[in-house]
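J.: Annotations for this protein, taken from TrEMBL, read as follows:
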type: REGION; residues: 40-66; note: region 'Disordered'
type: COMPBIAS; residues: 43-61; note: compositional bias 'Low complexity'
type: DOMAIN; residues: 77-275; note: domain 'Aminopeptidase N-like N-terminal'
type: BINDING; residues: His384, His388, Glu407; note: Zn(2+) binding site
type: SITE; residues: Tyr473; note: site 'Transition state stabilizer'
Amino acid sequence: MGKGFFISKVVAVVCVVVAISAVATIIALSVVYAQEKSKNQETPTTATTAGPGTQTTTPSTPKEPWQRYRLPDSLSPISYNVTLWPRLTPNTDGLYIFSGYSTVLFTCVKETDLILIHSNKLNFTMFDGYHAQLKAVDGASAPQLKKSWLEVPTQYLVIQLSSPLQAGSTYELFTEFVGELADDLGGFYRSEYDEDGVRKILATTQMQPTDARKAFPCFDEPAMKAVFHMTLIHPHGTVALSNSMNYEPINITTPDGLNLIQTSFGPTEIMSTYLLAFVVCDFGFLQSDLGANVLIRIWARKKAIEEGQGAYALEKTGPILSFFEKYYKIPYPLKKSDQIALPDFSAGAMENWGLITYRETALLYNPAVSSNGDKEWVATVISHELAHMWFGNLVTTKWWNDLWLNEGFATYVSYLGANYAEPDWNMSDLIVLNEIIGVMAVDALASSHPLSSKEADVMRPEDINALFDSITYSKGAAVLRMLSSFITEEVFSNGLNTYLEEFKYKNTVYQDLWKNLQTAVDNAGIQLPHSVEVIMNRWILQMGFPVVTIDTKTGKISQKHFLLNPDSVVDVPSEFNYEWFVPITWIKTGAAKDQYWLLTKEATNADMMTGDGDWLIANIDMKGFYRVNYDSENWDRILTKLSTQHQDIPVINRAQIIDDAFNLARAKIVSTTLALSTTRFLNTELEYMPWQTATRNLDYFVLMFDRSEVYGPMQGYINKKVTPLFKHFEELTANWTKIPEKHTDQYNQVNALSWGCSTGVDGCKELTTAWFKEWMDNPDNNKISPNLRTTVYCSAIAQGGAVEWDFAWKMYKSATIASEAEKLLYALSCTKQPWLLNRYLEYCLDPTMIRKQDATFTINYIAGNPIGQPLAWDFIRANWAHIFNDYGGGSMSFGRLINGVTKRFSSEFEYKQLLQFKEDNISQLGSAASSFEQALERTKANMDWVALNKKLVFDWFTSEISGTV
């Protein structure tokens with residue numbers, strides 16, 4: 001092992017006696033787990049022990065502390081000593097389990113005769129009829145236990161005492177327990193994979209937001225920070241990892257003769273429970289040079305490491321860490337940074353302090369098989385997680401209602417870190433495409449929500465899970481990017497530094513950041529129309545954003561809450577009346593002008609009046625989170641400029657013009673023909689951002705019209721626009737044999753091929769079919785460019801039948817590289833054969849066919865196929881209870897599932913089906929509840945839009961392809 005890997009061989013000896021003495025208890029505990037599990041499942045909502053051996057029923061009144069979802073402020077944890085032993089083979093009942101014991105040291109802050117500590121799905125050893133043992137520290141006496149029980153709805157172990165704990169005194173609570181090492185991707189869970197024909201099992205964790213309590217009893221709230229001393233017992237041939245550096249592993253023998261390894265870890269920094277992580281696996285790793293200040297290790301399946309799939313992550317982690325050290329002006333707080341790629345993982349990655357866990361596609365990269373998009377994803381996810389090491393981990397928000405600050409910030413600066421690591425990629429611009437444009441569509445719904453919620457509105461675990469959405473991540477990033485822009489990046493960085501220094505190892509609310517940024521603004525002498533807090537409150541405490549309308553004839557500027565469906569009713573009041581303080585950056589005929597603040601509903605700026613031939617564009621580089629509309633004359637001048645010299649308009653603003661126009665048209669603010677006219681220049685456009693924005697907006701037309709007569713003329717129009725782009729890349733790549741040098745050109749090549757094949761550009765389908773057939777003829781030698789594989793696979797499978805589908809399925813099941821498997825997983829949904837799509841849907845509920853982490857994505861992929869959409873909708877309705885119960889109704893992916901399956905809905909019949917489904921399953925919506933509201937609203941908007949625009953759009957496309965005006 002590298003220098004610094006072991007802390008001390010001597011210190012570890014202290015742990016030996018504790019471990020061996022407890023092993024017998026752990027074994028005895030695990031033997032009865034199957035019976036205890038079934039007993040626990042049959043137990044009433046509240047299981048109570050009143051004195052040794054006495055069972056009673058707890059009165060159920062909402063006023064009792066254990067019936068509230070938030071912990072009282074009477075106790076404060078100091079440290080935990082936790083020992084866990086995961087079994088990597090099933091017991092005689094076929095169950096995978098873990099057993100363990102824990103001691104939590106805590107201080108009594110306020111006198112109380114009640115201990116509430118979180119526990120979920122754990123079965124406890126009883127001590128004289130109680131679930132725990134309590135003792136006082138420093139020789140004092142502890143109160144006797146009076147009653148203990150598990151309060152299942154609020155996930156507490158409840159302990160009532162015969163006399164109060166004394167304020168200022170310190171106590172220890174000891175528990176022993178067993179839990180299931182399930183495959184549910186939450187808490188302490190198991191992941192499975194095949195390597196060289198052998199089924200491998202590993203144990204890993206995902207604690208955020210409320211699943212540490214599934215691993216051991218704990219005060220499972222972000223503000224309850226503590227130090228953690230972890231010990232893992234595991235089989236020979238495996239390695240144990242956790243947040244801290246480990247002591248030297250020790251061989252131990254259980255009373256029944258099992259030879260095992262015990263690995264103990266040094267104390268963590270003071271941190272929240274949701275950042276705790278531990279893994280038992282037989283993975284390999286790559287590591288940084290021995291002399292490095294921070295030990296960096298990339299862990300993954302041994303084969304993946306042998307193939308060098310972790311090399312890119314290792315290469316970029318050091319520079320990104322260095323960037324953030326300079327950006328925050330604070331050294332990395334830990335001695336090591338372990339990053340591990342897991343075969344089964346629900347999110348993209350998790351910022352556990354010192355042991356970051358990743359989905360394989362977010363950490364592993366193989367240049368022979370992975371695309372440039374895969375590479376970009378690895379760089380940005382690593383950057384996102386490393387940003388959290390300071391912002392989120394060192395300083396943590398007090399409660400989940402401010403999750404947006406944690407995740408929005410990490411999303412924003414992840415692009416800065418990735419831009420530093422890959423300066424040729426222009427990542428600081430790509431945030432507009434990847435985050436901002438997409439979330440504006442969500443935030444334009446009346447069913448959106450403010451970034452910052454009231455603490456009282458976010459109580460239950462499902463409430464917390466529902467916050468992990470695009471508003472939190474992407475809008476959070478967008479408004480922080482806007483703030484950084486108008487106070488400057490340097491001042492923003494200075495304010496972050498003082499914020500982190502002031503609150504390190506503590507918890508905060510968002511106002512604490514505003515105060516530090518205000519101090520930095522004042523020190524820099526920057527003049528703002530109001531304080532940072534007053535300006536930003538309007539962006540975070542009310543949902544939505546404005547459309548700013550500029551009349552270049554009069555200089556009049558106005559703002560209005562932008563709603564995608566202007567007829568939707570906003571029934572959530574705002575103390576700001578849905579008005580914002582808007583920083584307007586603008587250019588006139590290409591010349592940059594001074595920023596202007598719109599502080600009222602209407603204002604006039606004479607400088608924004610234009611003369612003949614002048615054109616004006618506002619919101620330069622989309623630094624502001626708002627849309628822009630103009631008078632008709634300025635729109636005409638912009639369209640003329642696009643059709644004659646589009647390069648005179650900044651590339652991000654060319655994308656912005658398209659996106660604003662299409663969304664303004666959907667909101668009935670401008671005509672749909674104006675929006676469509678912003679795409680006329682595309683036959684001369686070679687840049688990725690305008691093309692990608694046009695693609696996304698035209699995709700909406702495809703969704704609405706691909707089952708109608710509009711589809712033919714629309715395809716003909718797009719064919720005309722994409723043919724020059726297709727020929728450009730044909731020449732640039734020497735007939736598709738070379739990879740474009742520019743990062744965004746590699747992306748736009750995919751647009752050219754994808755649109756080319758879907759609209760029938762000459763030679764495109766023949767090309768993809770030939771490439772795929774060549775691979776089918778020689779499965780061990782796939783010559784298709786990794787960048788183009790998703791498009792080629794999809795096109796070939798769409799044109800083929802069962803033979804092509806079965807070949808792709810075989811390749812998916814045998815893929816050893818996660819990014820390749822993901823491409824095939826998507827492409828399999830492209831078939832036009834309903835029976836194949838139905839079979840594929842059935843596979844989604846069989847974890848041996850499709851991993852649980854991928855099931856909801858796969859259903860969405862199928863729903864994206866016009867033939868698959870009604871099949872997917874029928875499927876989730878028929879199987880909702882099973883999906884909800886077995887695939888985690890509280891997980892983040894359920895909102896995406898509803899959005900994905902319903903995005904085509906545009907008829908009264910579909911609206912009624914959706915409403916009926918919601919009513920039928922009102923008790924089983926979980927984190928998808930708000931997504932149902934958004935889907936209903938979106939369906940209504942789609943219905944209105946199609947009714948209003950179908951004939952107009954048909955006529956426009958028909959006119960364009962016939963060459964008439």
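Glycine residues also receive a Cβ, built from the backbone N, Cα and C atoms like all the rest.
No curator has checked TrEMBL annotations; they are predicted automatically.
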J.: Summarise the model's confidence over the domain 'Aminopeptidase N-like N-terminal' (77-275) as a mean pLDDT value.
T.: 96
J.: Measuring Cα to Cα, tell me the gap between His388 (Zn(2+) binding site) and Tyr473 (site 'Transition state stabilizer') in whole angstrom.
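T.: Between the alpha carbons of His388 (Zn(2+) binding site) and Tyr473 (site 'Transition state stabilizer') there are 13 Å.
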J.: May I ask for the distance between Glu407 (Zn(2+) binding site) and Tyr473 (site 'Transition state stabilizer'), taken between their Cα atoms and rounded to an integer number of Å?
T.: 5
J.: Tell me which residues of the chain lie with their Cβ under 8 angstroms from that of His384 (Zn(2+) binding site), as long as they are six or more apart in sequence?
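T.: Long-range Cβ contacts: Ala349, Glu351, Ala410, Thr411, Ser414.
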J.: If you count Cβ atoms within 10 Å of the Cβ of Tyr473 (site 'Transition state stabilizer'), leaving out that atom itself, what do you get?
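T.: Excluding its own Cβ, Tyr473 (site 'Transition state stabilizer') sees 22 Cβ atoms within 10 Å.
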